[in-house]
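A.B. asks: Quick paste of what Swiss-Prot says about this protein:
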type     : residues : note
COMPBIAS : 341-375  : compositional bias 'Pro residues'
COMPBIAS : 417-451  : compositional bias 'Low complexity'
COMPBIAS : 537-569  : compositional bias 'Low complexity'
COMPBIAS : 591-600  : compositional bias 'Acidic residues'
REGION   : 1-84     : region 'Necessary and sufficient for SEL1L interaction'
REGION   : 1-251    : region 'Involved in FAM8A1 interaction'
REGION   : 480-535  : region 'HAF-H domain'
TOPO_DOM : 1-4      : topological domain 'Cytoplasmic'
TOPO_DOM : 26-41    : topological domain 'Lumenal'
TOPO_DOM : 63-98    : topological domain 'Cytoplasmic'
TOPO_DOM : 120-140  : topological domain 'Lumenal'
TOPO_DOM : 162-169  : topological domain 'Cytoplasmic'
TOPO_DOM : 191-224  : topological domain 'Lumenal'
TOPO_DOM : 246-617  : topological domain 'Cytoplasmic'
TRANSMEM : 5-25     : transmembrane segment
TRANSMEM : 42-62    : transmembrane segment
TRANSMEM : 99-119   : transmembrane segment
TRANSMEM : 141-161  : transmembrane segment
TRANSMEM : 170-190  : transmembrane segment
TRANSMEM : 225-245  : transmembrane segment
Amino acid sequence: MFRTAVMMAASLALTGAVVAHAYYLKHQFYPTVVYLTKSSPSMAVLYIQAFVLVFLLGKVMGKVFFGQLRAAEMEHLLERSWYAVTETCLAFTVFRDDFSPRFVALFTLLLFLKCFHWLAEDRVDFMERSPNISWLFHCRIVSLMFLLGILDFLFVSHAYHSILTRGASVQLVFGFEYAILMTMVLTIFIKYVLHSVDLQSENPWDNKAVYMLYTELFTGFIKVLLYMAFMTIMIKVHTFPLFAIRPMYLAMRQFKKAVTDAIMSRRAIRNMNTLYPDATPEELQAMDNVCIICREEMVTGAKRLPCNHIFHTSCLRSWFQRQQTCPTCRMDVLRASLPAQSPPPPEPADQGPPPAPHPPPLLPQPPNFPQGLLPPFPPGMFPLWPPMGPFPPVPPPPSSGEAVAPPSTSAAALSRPSGAATTTAAGTSATAASATASGPGSGSAPEAGPAPGFPFPPPWMGMPLPPPFAFPPMPVPPAGFAGLTPEELRALEGHERQHLEARLQSLRNIHTLLDAAMLQINQYLTVLASLGPPRPATSVNSTEETATTVVAAASSTSIPSSEATTPTPGASPPAPEMERPPAPESVGTEEMPEDGEPDAAELRRRRLQKLESPVAH
């Protein structure tokens with residue numbers, strides 16, 4: 001207040017000094033006025049004095065029509081005033097040819113009236129939050145709206161007649177500006193009427209938010225039309241109105257928001273009426289039955305949102321007109337709402353009792369696998385690998401002090417079985433061979449068997465895999481829903497809390513299956529990376545001896561499996577001459593596998609033949 005008084009006194013002193021100086025030079029009234037209008041410093045001082053007078057007039061009118069302004073109203077006024085002053089300066093650059101004291105006075109008057117329109121809008125919006133409205137408040141607002149409406153209409157009429165008589169000029173800008181201010185006065189008046197009707201009723205008016213929403217939609221559409229017409233005319237007649245870009249953008253954004261709010265509110269209210277269940281008395285008693293929107297107790301007519309918060313139906317309807325979220329947790333009710341269930345088609349009256357619904361399919365029980373085996377991989381994970389059984393351990397190569405078993409016996413013990421009985425026999429033979437190799441007197445440690453939980457080695461590796469670590473079992477894949485009827489699927493879908501929890505649990509199960517599959521793959525790759533390349537076979541004899549050994553090993557596979565005997569524990573004497581394999585020329589060639597490469601068992605048998613060849617010769 002003190003700064004305002006100092007500024008007013010300084011402006012008044014400067015104005016008096018300038019006028020006295022001009023009169024001292026000219027000594028007459030008319031020459032003094034001419035001198036003041038032609039002198040730029042004198043005009044600057046007079047402009048400052050005019051602004052001070054306008055400021056004082058605004059203070060007086062504010063006291064008359066508003067009384068004491070609130071802090072929020074002053075903040076909004078200053079924020080909008082800065083933008084208005086910037087737009088006015090841009091308008092001065094567009095109409096620099098028409099720049100004159102009259103032009104400045106018209107823009108100052110326009111800014112002055114805009115300030116009162118903004119204050120009237122804020123004060124009417126305050127009616128909704130104020131519990132007590134006095135008659136003085138009504139008299140002030142009604143008289144202010146009446147005065148602003150008359151002034152806006154007069155300035156629009158003046159601009160219209162000026163354009164008709166003098167052509168397109170700066171009055172085109174003022175005409176459209178005052179027309180937009182008239183739409184603002186119309187919006188303020190409708191809101192005032194709605195708030196007044198709501199204050200007169202004891203209970204809250206449910207339809208007030210609907211009328212306010214459609215009022216903003218209607219007035220926003222009018223503003224958009226006015227700005228589009230103004231931009232089109234200004235571009236054709238004068239130039240591009242740069243100062244009108246920001247208010248036009250704000251008007252279009254406000255109109256778009258009004259349209260979106262109207263659509264979303266209708267959708268939210270429709271969902272509330274169709275999807276949200278009514279709150280039962282038990283639910284109201286089990287929780288705090290005070291509606292946080294109106295702060296009144298809920299007895300009847302309450303709705304429960306998908307987030308399990310309960311409110312009055314009328315309060316929710318008014319709330320959804322403004323925003324489509326839960327008043328408590330801010331959950332988007334449009335995204336959380338599920339589509340309504342389609343009612344089942346009516347059944348004919350002459351039909352018998354409906355058949356019993358099919359029971360939901362039970363999840364398959366996990367099969368029992370032998371110790372150290374994994375369940376098979378899900379179908380489609382490794383399509384090129386056929387299912388394989390447990391791979392038998394390989395007996396270690398005999399040391400120098402131990403006897404060498406006949407090739408036919410080793411081949412029969414290491415050959416892959418084809419049936420269950422053969423599998424048992426082969427496993428027993430391999431176990432006996434391992435026990436013989438690791439018995440007392442052996443000079444080498446036993447080789448590691450297959451990895452527990454990993455039933456097969458890589459197809460290109462000849463040595464058994466070391467046990468890396470224990471693998472967790474593969475989870476059982478979930479069952480499908482192909483056998484369910486549409487009615488059962490609708491019943492399983494559901495819209496309650498337990499159905500949502502079931503869906504979340506299914507997603508967690510899928511996540512667990514994916515994690516288990518990736519874990520198995522990573523463990524398999526880790527085992528492969530930890531193993532080195534296969535050791536090359538040592539060349540003991542010449543090329544002729546190697547070929548003879550290979551043919552002899554091939555002939556040993558033609559001996560029936562019934563003639564194969566299991567070696568006994570302990571060291572055995574060298575094989576006699578009659579037990580040696582037949583000559584190579586009397587043996588046919590062995591059939592190779594389909595892929596043209598010998599398998600792991602064949603490679604191991606050949607190595608045993610190479611180690612045995614010095615003893616044979």
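Count begins at 1; order follows the chain as displayed.
Keep in mind that glycine also has a Cβ here, set from the backbone N, Cα and C atoms.
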A.B. asks: Where else in the chain does the transmembrane segment (99-119) make close Cβ contacts, counting only residues six or more beyond its ends and a cut-off under 8 Å?
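C.D. replies: For the transmembrane segment (99-119), the nonlocal Cβ contacts are 43, 47, 50-51, 54, 57-58, 61-62, 65-66, 69, 73, 76-77, 80-81, 84-85, 88, 91-92, 144, 148, 151-152, 170, 174, 177-178, 181, 184-185, 188.
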A.B. asks: What same-chain residues lie close to the topological domain 'Lumenal' (26-41): Cβ under 8 Å, and 6 or more beyond its ends?
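C.D. replies: Residues 18-19.
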A.B. asks: Within the topological domain 'Lumenal' (191-224), count helix residues (DSSP H, G, I), strand residues (E, B) and coil residues, in that order.
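C.D. replies: Taking the topological domain 'Lumenal' (191-224) as a whole: 27 helix, 0 strand, 7 coil.
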A.B. asks: So how many of the residues in the topological domain 'Cytoplasmic' (1-4) end up helix, strand or coil by DSSP?
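C.D. replies: Tallied per class, the topological domain 'Cytoplasmic' (1-4) gives 3 helix, 0 strand, 1 coil.
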A.B. asks: Per DSSP, what is the residue count of the topological domain 'Cytoplasmic' (63-98) in each of helix, strand and coil?
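C.D. replies: Helix, strand and coil residues of the topological domain 'Cytoplasmic' (63-98) number 30 helix, 0 strand, 6 coil.
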